[in-house]
Amino acid sequence: MASVGTLAFDEYGRPFLIIKDQDRKSRLMGLEALKSHIMAAKAVANTMRTSLGPNGLDKMMVDKDGDVTITNDGATILSMMDVDHQIAKLMVELSKSQDDEIGDGTTGVVVLAGALLEEAEQLLDRGIHPIRIADGYEQAARIAIQHLDKISDKVLVDINNPEPLIQTAKTTLGSKVINSCHRQMAEIAVNAVLTVADMERRDVDFELIKVEGKVGGRLEDTKLIKGVIVDKDFSHPQMPKKVVDAKIAILTCPFEPPKPKTKHKLDVMSVEDYKALQKYEKEKFEEMIKQIKETGANLAICQWGFDDEANHLLLQNGLPAVRWVGGPEIELIAIATGGRIVPRFSELTSEKLGFAGVVQEISFGTTKDKMLVIEKCKNSRAVTIFIRGGNKMIIEEAKRSLHDALCVIRNLIRDNRVVYGGGAAEISCALAVSQEADKCPTLEQYAMRAFADALEVIPMALSENSGMNPIQTMTEVRARQVKESNPALGIDCLHKGSNDMQYQHVIETLIGKKQQISLATQMVRMILKIDDIRKPGESEE
């Protein structure tokens, strides 16, 4: 092992260690280290703050290759931000955790963590120990989560009445670039989830929902297809563009004459030899096509390609085919059509065929772009959301927005309790934490009050982004919540003339809101317990 330093002795013979390269290392300790962390976290949170809510602004991210992404999604913004500070990287991870677990609320969790650290900075300046602040935050988070359980309402999750789910999805999509048609998008997301949901296990398999996009048309042209869309076309332009009552052979084996496993060499010495080889290949192809047709199949979908000669023979024998279909699409087609994937040609039987009511090739506008749509499948639990849009950026943002909406609906199927948005839940929790703080006889009381103040940053950011006076709006709503004992009163971001979020149908999932508070508190607690940073300094040239 490499030596880390040199052992030396003082004048009394006592040993001490001189650590190597200590002069080239930077070190921050105590309050200075904490302030450095808080400053980095605040910088990230302040960047995200303007993206919060239905009137939140989008961010344009340009990567090293010059590719542009315009997005409102917190996790996407943070993942594309080029951050160097260690704590800023932790904020990125925090947002990713929220995205992986819940799928929505990624901006809010970062803004809340930044507000908690900002409040902690003021307490540190007043001489309160970081551990006491962390403990106070922990107590306050527990109270807030218990209070959320008390003020939550249940939403009826019923396939025959999807309206409550649509209203929740609309809240999620309200802040996105697709909010011009968010009712339509919410309906598409809800129908997709309810189609594939397993209501007995209360779970949703996202593998059965495929999201495809094609540039052209308008966002309003987006539709839900009860089947699979593949970004391929029939292998020959003269093949029929539509196959009705398709019996599909799903092949992952090469569509070509078999090759010996061992190394081999074939000498073609004359024209006759070459013709004989060509004849053998043709006979073998015809034999394979005959084998497919004997099973009753009238469409072949291959993972691998086949040459032009085979393509011509398929056309001659009236067997439409699709080549170079990717692995995930092959699996989805097999699930949707109820077919079995055939890895060896010899194993193909009629029992392994998939069934679809219609397989057709569709074209787009004046371009040569074509796609294959497989509909009316045997298993109706596989769906595709097909997005249209003016450019690639809008389609990518629509995909991210729909991902958030799909996650929110899945969370409602798992746990159908909701709280009201527009900052209503945060204001109610802040009031509950403040009341409990007054009963706390220890120093943690200050931290609990600071936690309540931090919770109010979310509704203040919402009102600020909506062009209101944040302090005045916040004061009025807080006073009304206490006076009317109504935890559904929040910020009227859309200027509809009512602060009642229940009336406005601004709904958020309870599981998502709990996760926000819990993750932000854990993160802040971890940061407050760091009091020493050592990192290598700039190397001397």
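Even glycines carry a Cβ here, placed using N, Cα and C.
Among Gly296, Gly389, Gly390, Gly422, the residue that Swiss-Prot places alongside Gly53, Gly105, Thr106, Thr107, Ser175, Asp492, Glu508, Lys513 at the ADP binding site is Gly422. With the fewest other C-beta atoms within 10 Å around its C-beta, Gly53 stands out among the binding-site residues Gly53, Gly422. Taking every protein chain shown into account, Lys210, Lys214, Lys513 are the recorded positions, and of these the Cβ with the most other Cβ atoms within 10 Å belongs to Lys513. DSSP assigns Thr106 (ADP binding site) to a helix. Between the recorded positions Thr106, Thr107, Ser175, Ser346, the minimum number of other C-beta atoms within 10 Å of a residue's C-beta occurs at Ser346. A 10 Å cutoff on Cβ-Cβ distances gives Asp492 (ADP binding site) a total of 21 other Cβ atoms nearby, all chains included. Closest by Cα distance to Gly422 (ATP binding site), from the recorded positions Lys210, Lys265, Ser346, is Lys210.
Cβ neighbours of Asp104 (Mg(2+) binding site) (same chain, under 8 Å, six or more residues apart in sequence): Thr172, Asp404, Cys407, Val408, Thr509, Gly512. Put simply, Thr107 is the one of the recorded positions Thr107, Lys214, Lys279 whose Cα lies nearest to the Cα of Ser175 (ADP binding site).
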